[in-house]
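J.: From TrEMBL, here are the annotated features:
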type     : residues : note
TRANSMEM : 12-32    : transmembrane segment
TRANSMEM : 38-59    : transmembrane segment
TRANSMEM : 80-100   : transmembrane segment
TRANSMEM : 106-127  : transmembrane segment
TRANSMEM : 134-153  : transmembrane segment
TRANSMEM : 159-183  : transmembrane segment
TRANSMEM : 204-225  : transmembrane segment
TRANSMEM : 231-251  : transmembrane segment
TRANSMEM : 263-280  : transmembrane segment
Amino acid sequence: MFRLWNQLTKPRVTVLVLATVLPGMYLGTTGYPSLLEISITLFGTYLMSSASFILNQYIERERDAVMYRTKQRPIPAGEISPGFALFLGVAVAIIAFIILTHFINLLTAICALSALLLYVFLYTIWLKPRTEQNIVIGGISGCIGPLIGYSAMANALPVQAWVLFLMIFLWTPAHFWALAIFLKDDYEFAGIPMMPVVSGIQKTVNQIFLYAIAYSLSVIGFFFVDERMGFLFLSSAFVLTILILVFAYRLKLSKDKILAKRFFFFSIFHLFLVSLAIVIDSKI
């Protein structure tokens with residue numbers, strides 16, 4: 001049962017979502033969030049994120065069945081029924097909303113639910129099968145982590161929360177398009193209009209480089225938005241910015257699928273380190 005739950009809920013992706021919640025929590029209070037506040041907020045977010053991935057797999061069960069990477073997921077593999085997956089996804093989402101509303105606040109619960117609704121309806125159902133820009137617009141759902149964290153502590157969403165939101169919004173296309181390059185044949189076979197399939201790898205790597213620049217500027221820009229950011233964040237942001245730009249430029253020149261896969265994983269590590277630098281520098 002634990003194996004099926006992990007296959008349905010993408011725990012490695014969820015960990016990154018949770019990592020983006022923490023900067024918002026630490027920035028949203030003048031002191032330190034308590035262990036209980038952190039635990040409940042992260043647990044509620046984990047459940048809502050898990051619910052969104054379960055519902056995503058319910059909706060995409062037919063496409064998953066024809067893609068090599070996804071055909072062994074629990075629903076197309078016949079390990080659980082589509083009806084049970086739908087019930088489980090809805091039930092977990094309701095539980096998450098109740099937990100966040102009761103123990104944190106309504107604004108936090110609404111932010112978390114908004115992420116689910118955007119991911120399921122805007123991205124999975126509407127955009128993903130229709131446009132190569134699916135991840136740009138649909139990626140909004142993955143940017144809400146900082147809003148969840150900030151609202152959990154401040155019950156408000158000031159400009160710092162929205163700059164963090166923008167940072168992840170600009171990070172998302174380069175991150176997912178790199179994976180789409182590596183999995184181009186799979187997406188093409190399934191008829192999913194990801195950018196490498198529709199517009200080719202050359203345009204995709206060019207777009208990755210442009211978004212890497214925009215993301216890097218937003219990271220540096222956060223230093224000027226929050227007065228608590230100091231030398232640690234600025235120096236970390238500067239080094240990390242150079243690294244991701246060099247990596248993106250190498251990918252632009254090579255158009256290599258293996259390098260694209262490495263960029264995908266590096267971008268995860270990059271966002272985690274940026275989040276960590278924000279958390280640490282906000283309290284020293």
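A Cβ is built for glycine as well, from the same backbone N, Cα and C atoms used for every other residue.
Burial and contacts for the listed features, if you can.
T.: Outside the transmembrane segment (80-100), and at least 6 residues removed from its termini, the chain residues within Cβ reach (under 8 Å) are 4, 8, 40-41, 43-45, 47-48, 50-52, 54-55, 57-58, 61, 74, 108-109, 112-113, 116.
Same-chain residues lying 6+ beyond the ends of the transmembrane segment (231-251) with a Cβ under 8 Å from its Cβ atoms: 174, 178, 205, 208-209, 212-213, 215-216, 219-220, 222-223, 259-260, 262-263, 266-267, 270, 273-274, 277-278, 280-281, 284.
Under 8 Å from some Cβ of the transmembrane segment (263-280) lie the Cβ atoms of residues 16, 19-20, 22-23, 26-27, 164, 167-168, 171, 174-176, 178-179, 182, 208, 219, 222, 229, 232-233, 236-237, 240, 243-244, 247-248, 251, all in the same chain and six or more residues away from its ends.
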J.: Restricting to CB pairs under 8 Å, which listed stretch, 12-32, 106-127, 134-153, 204-225, is in contact most with the transmembrane segment (159-183)?
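T.: Maximum Cβ contact count belongs to 204-225.
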J.: Select the range from 12-32, 134-153, 204-225 that forms the most Cβ-Cβ pairs under 8 Å with the transmembrane segment (106-127).
T.: 134-153
